[in-house]
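Asker: Under the heading disulfide bond, Swiss-Prot lists CYS24-CYS45, CYS38-CYS62, CYS64-CYS75, CYS76-CYS81. Taken from Swiss-Prot, the feature signal peptide covers 1-21.
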Amino acid sequence: MKTLLLTLVVVTTVCLDLGYTRRCFNQQSSQPKTTKSCPLGENSCYNKQWRDHRGSITERGCGCPKVKPGIKLRCCESEDCNN
């Protein structure tokens, strides 16, 4: 009986996703697409754009950061929504 109970606990732990994490794109500007799993509890992704001497720059990642005036920011809350 103890063996059966232990087996059920192990199977339940392995099969259940006990910590869901958001996945966001994190490539910069025109780099090839890459994604990353966000820290536990971080439920949003961002796409930040600005211009400088190099041209148009895009930064992507987890969260929704505060930005300075003149920087475009788009935050979203679904998988891979920040491309």
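Glycine too: its Cβ is placed from the backbone N, Cα and C atoms.
Owing to the predicted nature of the structure, the values given are computational and were not obtained by experimental measurement.
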Asker: On a C-alpha basis, identify the one among CYS24, CYS38, CYS45, CYS81 that is nearest to CYS75 (disulfide bond); the candidates are the disulfide-bonded residues.
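Answerer: Out of the listed candidates, the nearest Cα belongs to CYS45.
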Asker: What is the separation, in Å, between the Cα atoms of CYS24 (disulfide bond) and CYS38 (disulfide bond)?
Answerer: 7
Asker: Going by Cα-Cα distance, pick out whichever of the disulfide-bonded residues CYS38, CYS45, CYS62, CYS64 is nearest to CYS76 (disulfide bond).
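Answerer: Spatially nearest to CYS76 (disulfide bond) by Cα position is CYS45.
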Asker: Could you check which of these disulfide-bonded residues, CYS38, CYS45, CYS81, sit within 10 Å of CYS64 (disulfide bond), going Cα to Cα?
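Answerer: Of everything listed, what lies within 10 Å of CYS64 (disulfide bond) (Cα to Cα) is CYS45.
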Asker: Please name which of the disulfide-bonded residues listed here, CYS38, CYS62, CYS81, is nearest in space to CYS45 (disulfide bond), Cα against Cα.
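Answerer: Closest candidate to CYS45 (disulfide bond), judged by Cα separation, is CYS62.
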Asker: Measuring Cα to Cα, how many Å separate CYS81 (disulfide bond) from CYS62 (disulfide bond)?
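Answerer: The separation of the Cα atoms works out to 11 Å.
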Asker: List the same-chain residues at least 6 positions away in sequence whose Cβ sits under 8 Å from the Cβ of CYS38 (disulfide bond), in sequence order, or say none.
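Answerer: Looking at Cβ-Cβ distances below 8 Å from CYS38 (disulfide bond), excluding near sequence neighbours, one finds THR21, ARG22, ARG23, CYS24, CYS45, CYS62, GLY63.
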Asker: Per residue, counting other C-beta atoms within 10 angstroms of the C-beta, which of the disulfide-bonded residues CYS62, CYS76 reaches the highest number?
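Answerer: It comes out as CYS62.
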Asker: Just how many other Cβ atoms lie inside 10 Å of the Cβ on CYS24 (disulfide bond)?
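Answerer: Excluding its own Cβ, the number within 10 Å is 25.
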Asker: What does DSSP call CYS75 (disulfide bond) in the simple three-state scheme?
Answerer: strand
Asker: If you count other Cβ atoms within 10 Å of each one's Cβ, which of the disulfide-bonded residues CYS45, CYS81 has the most?
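Answerer: By the 10 Å Cβ neighbour count, CYS45 comes out on top.
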Asker: Among CYS64, CYS75, all listed as disulfide-bonded residues, which has the most CB atoms within 10 Å of its CB?
Answerer: CYS64
Asker: For CYS81 (disulfide bond), which of the three DSSP-derived states applies: helix, strand, or coil?
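Answerer: Coil, per DSSP.
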